[in-house]
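> Provided herewith is a single structure, encoded as structure tokens, for subsequent inquiry.
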Amino acid sequence: MDPALLKERELFKKRALTTPSVEKRKAEPIRDDKKKPKTSSAPAPKLDINSYKTATGSSQYRFGVLAKIVKHMRTRHQEGDQHPLTLEEILDETNQLDVGNKVKIWLQTEALQSNPKVEVTMDGKFIFKAMYKLKDRKSLLKLLKQQDLKGLGGILLDDVQESLPHAEKALKTLQNQNEIIFVSRPTDKKKILFYNDRTASLPVDEEFQKLWRSVAVDAMDDAKIDEYLEKQGIRSMQDHGLKKPMAPKRKKAAQRKKQFKKPRDNEHLADVLENYEDTTLTQKGQFSSKTAS
């Protein structure tokens with residue numbers, strides 16, 4: 001190694017040892033017990049009502065508007081207002097004129113068109129679509145008579161109240177005239193409306209009515225009732241009810257005796273074969289006679 005470089009290295013070490021060095025410490029941050037709230041420099045965005053209602057993902061709002069419209073259409077139908085309305089008239093009556101254009105287009109082209117409780121007229125207006133087309137109590141009585149004659153049973157009271165304008169007044173009048181009967185369904189306790197056919201009513205003895213009402217069968221099913229009747233020696237119920245159709249038995253075909261069929265080959269030699277059979281028989285007869293002698 002070059003001796004000049006070594007000499008310079010030794011001199012550098014000596015100078016480094018003689019010069020003092022001071023270490024600088026980093027200043028510690030001053031802690032403040034009170035935390036200052038973070039303030040954002042960007043201003044808060046302003047909420048626009050129309051843009052909020054028509055924003056993507058606001059399906060809950062749209063269906064809320066639709067539900068309010070259907071409820072209003074049902075109420076006005078029950079009050080006797082059965083003339084059709086345009087979409088703007090419906091929104092005006094339901095105080096929803098502030099809906100956006102997207103919601104209006106959705107209501108006009110999709111929601112109201114496909115709703116089962118709304119009917120679209122030829123001129124593009126909307127009207128409530130009831131379960132039954134009823135105008136007054138006479139039309140209701142006619143419908144109940146048709147149901148009774150055809151054996152279709154009764155009608156739900158909820159459907160009648162929805163379809164008939166001023167239904168409560170009409171039902172009360174028919175009930176006072178003894179034209180209808182209410183029956184509660186045991187499954188869900190809903191009331192069913194039937195026509196009261198007074199021609200089918202029969203006088204029943206009071207003693208039999210008392211006996212009938214004294215027997216409680218609400219908590220008994222058909223199997224328990226049948227068991228009770230069998231214990232009492234009553235078997236008149238066994239032939240009632242639905243019967244399963246029995247499959248008809250198939251008759252076996254009569255077996256015919258098998259007949260030996262002659263081969264159809266060589267039909268043109270039928271005469272020759274008969275003569276051959278006759279000659280063979282005569283020969284066998286002669287042969288057998290000769291042997292016997």
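Placed from the backbone N, Cα and C atoms, the Cβ positions cover glycine too.
A TrEMBL annotation is a machine prediction, not a hand-curated record.
On a predicted model such as this, the values are computed, not experimentally measured, just so you know.
This is the feature table in TrEMBL:
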- 1-13: compositional bias 'Basic and acidic residues' (COMPBIAS)
- 22-35: compositional bias 'Basic and acidic residues' (COMPBIAS)
- 246-261: compositional bias 'Basic residues' (COMPBIAS)
- 262-271: compositional bias 'Basic and acidic residues' (COMPBIAS)
- 54-135: domain 'TFIIE beta' (DOMAIN)
- 1-48: region 'Disordered' (REGION)
- 236-275: region 'Disordered' (REGION)
> What does DSSP give as the helix, strand and coil breakdown of the domain 'TFIIE beta' (54-135)?
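Helix, strand and coil residues of the domain 'TFIIE beta' (54-135) number 41 helix, 7 strand, 34 coil.
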> Where does the mean pLDDT land for the domain 'TFIIE beta' (54-135)?
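Averaging the confidence scores along the domain 'TFIIE beta' (54-135) gives 87.
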> Helix, strand, coil: count each for the residues of the compositional bias 'Basic and acidic residues' (1-13), based on DSSP.
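Across the compositional bias 'Basic and acidic residues' (1-13), the residues distribute as 11 helix, 0 strand, 2 coil.
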